[in-house]
Structures are given as C-alpha cells and as structure tokens.
Amino acid sequence: MATHRSCALWSYCGRRWSRMMRCCRLSGLCSSWPSDPLGARHLSQEKPATETHFGFETVSEEEKRGKVYHVFESVAKKYDVMNDMMSLGIHRIWKDLLLYKMRPFPGTQLLDVAGGTGDIAFRFLNYVQAQHKGKQRRQLRAQQNLSWEEIAKKYQNEEDPLGGSRVVVCDINKEMLKIGKQKARAQGYKAGLAWVLGDAEELPFDDDKFDVYTIAFGIRNVTHIDQALQEAHRVLKPGGRFLCLEFSQVNNPLISRLYDLYSFQVIPVLGEVIAGDWKSYQYLVESIRQFPSQEEFREMIEDAGFEKVTYESLTSGIVAIHSGFKL
C-alpha cells in the first residue's frame, strides 16, 4: 500500500512539473506559476528581459510586442477581406458557431478582447437583439386580451432593444479599433457597444465585471498567454464563461499536409497581392504553428483557475473553440 501511494505521489508531481515547465517555455518565464489571478500585474512590474518567439524567429519580449503591433497596424484595412480570402469565408461559420456555443441571453455583459474589427461584437448584438424580440413576442402572445393599439404601444415604448446587454470591444491596436468603429457606423451599430484601447495582459477593467469573455484569433499573438488567461479569469464574474476561438493542430495527416502547403505557399502570396504585405501574413502562418495543441492549451486554461474546461475542434482541428468557467 505504501509503495502504491508513493508511486501515485511521484506520478502526480511529475505531471505538475511537466505542466509547469511547458508554461515557462511558452511564456518565457522561469519562475513558478503565480496562483493569484492578479499575478499578471505583479509579474509585469518585475520581469527580466527574456526571449520569446515571433513566428519562427526568436526575439526579445519587448521586440515581439512592437512587431505584433506593426503587423496588425499594417493589415488593419484589409483584415476582413484577407480573412475571407484565406479561409474561403469559413471563418464566418466558425464565429457563428462561437456565438451559438455562448448562447447569450438579454442582459449579458460581454468583453471581446482582440476584437478590433467587431466581428464577434456585431454577431453578439444581433443574437441578443433577436433573443429579446423573441421573448417580447412570446409575452405578447400570452396576453390574449390586448388590443392592436396596446400591442403597438408596447413596441414603440421599448427603450432597450438589447434587453440590457452590452459588449465592450478591447484591442491593443488603434488601427484595428478605428476600422471596427467605421464598420459599426456603416452598419448602424450604436446601442450597447463600447470600444476600449487595452492590453490583454493588463486589462483596464475592475474585477468580476463581465458575464462572458471572448477572444477570437488573438490569444496566440499575446506575449504572455498565461497572464492573458489570468486577466480573463479576474474580470469575469463568478459563474462567468471564457470562450476562445483559435487556430489549432490538425488531426488528419492528409489534411495537415495540404493545410501546410496552402498556408506557407498561398497565404503569404495572397497577403502580398491583396494587402501588399507578405511578411505580416508569413508571421500569421508561423504563429499558428507555434501555438499549443488543444490539450496543452486546455491545461493552460485550467492552470489560470478555470473549471469545466473543454474544447471542440472544428474543420479537422484547423481551429478549436475552448470553453471554461469561473466557479
């Protein structure tokens, strides 16, 4: 019995050590994992100059921040067009599936990080508005004795078509936010929408503020993924949900080979032809290969304090939706 317990203990310690070392490699930190959800702030104040990756290139952490900022500053105007071209429009389906998985209800407070051009925010507003209208219609049908005039007045007196829902789009890049605001004005989005310039690693929001946190195709560009996850946990209310849509590892060998060929031989060319920027799209392709696998990222989310962590691979693992709860 003692031998059995000793083996179990060593096995447990081995798993924890392996997980901790992986986190150190990904974040560029060589210290133990901070247990405090506010640890991101402490670490950012006293971190030594360390190296990390920018695609396949090894750079300093400070250099990576500048390079990533320049990439999205450069591609902002053509970002949405390139998303359609690179994914053949499939990114729209992936984002729709993220909303269906979220299933927000009227009154939901959403924080969308790295959401500069507004794709997730606009889908959220459309979804909750449709939900609110459906609820209103059901309530009116239940009141059989209302006259046409009374029904009309109820619709006319509706003050908030979103039922109290709000979305804050937070992005570190001014150009991406600028494009998002232009799209919002052009498409008529006004109510329930705010734009904030902010860093995913040090969010400018109070603790326990949001019901849902989303980040779509953004977390792999963060210098310290662990700190971004801790910040997500901090700003969510108890019971709040973390949702991340990100490129992942393809689980079919044949599709993987075809995907690599398309990624490295076609996407940078599209970037040059459409956006006039080969290097930025070469980086985006390389950054996908540097991102942790589905299982590794699931463990990182758990280490940040989230529970009931799951993921769903889409399109043979080209992307995955990760989910976790602050309980």
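Backbone N, Cα and C atoms are what each Cβ position is placed from, and that goes for glycine too.
Features of the protein shown, as given by TrEMBL:
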- T117, D171, D199, A200: S-adenosyl-L-methionine binding site (BINDING)
Residues T117, D171, D199, A200 [recorded S-adenosyl-L-methionine binders]: greatest CA to CA distance in Å: 16
Listed binding-site residues (D171, D199), ranked by Cβ neighbours within 10 Å, top entry: D171
